[in-house]
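What Swiss-Prot annotates here:
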type    : residues : note
SIGNAL  : 1-19     : signal peptide
LIPID   : Cys20    : S-diacylglycerol cysteine
LIPID   : Cys20    : N-palmitoyl cysteine
COILED  : 26-74    : coiled coil
REGION  : 56-77    : region 'Disordered'
MOD_RES : Lys77    : N6-murein peptidoglycan lysine
Amino acid sequence: MNRTKLVLGAVILGSHSAGCSSNAKIDQLSSDVQTLNAKVDQLSNDVNAMRSDVQAAKDDAARANQRLDNQAHAYKK
């Protein structure tokens, strides 16, 4: 009887320990997901900021090309 209680107690304790271990892993994974979400948000913000910089560079290049075209046209006259 005592041996059965001891074995049963060991099984319960073992399964409880495994449950705590799983919860710790789940908590760690949840923390990792939150960290990755924060990084994705930061990268998304960086990409959006770069889009406006790229558009400004394209606009500057277009204006420079237009000036060069105007100068080339003036030399041909």
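For all residues, glycine too, the Cβ spot is worked out from N, Cα and C.
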Local confidence of the prediction over the coiled coil (26-74), expressed as mean pLDDT: 93
DSSP helix/strand/coil residue counts for the region 'Disordered' (56-77): 21 helix, 0 strand, 1 coil
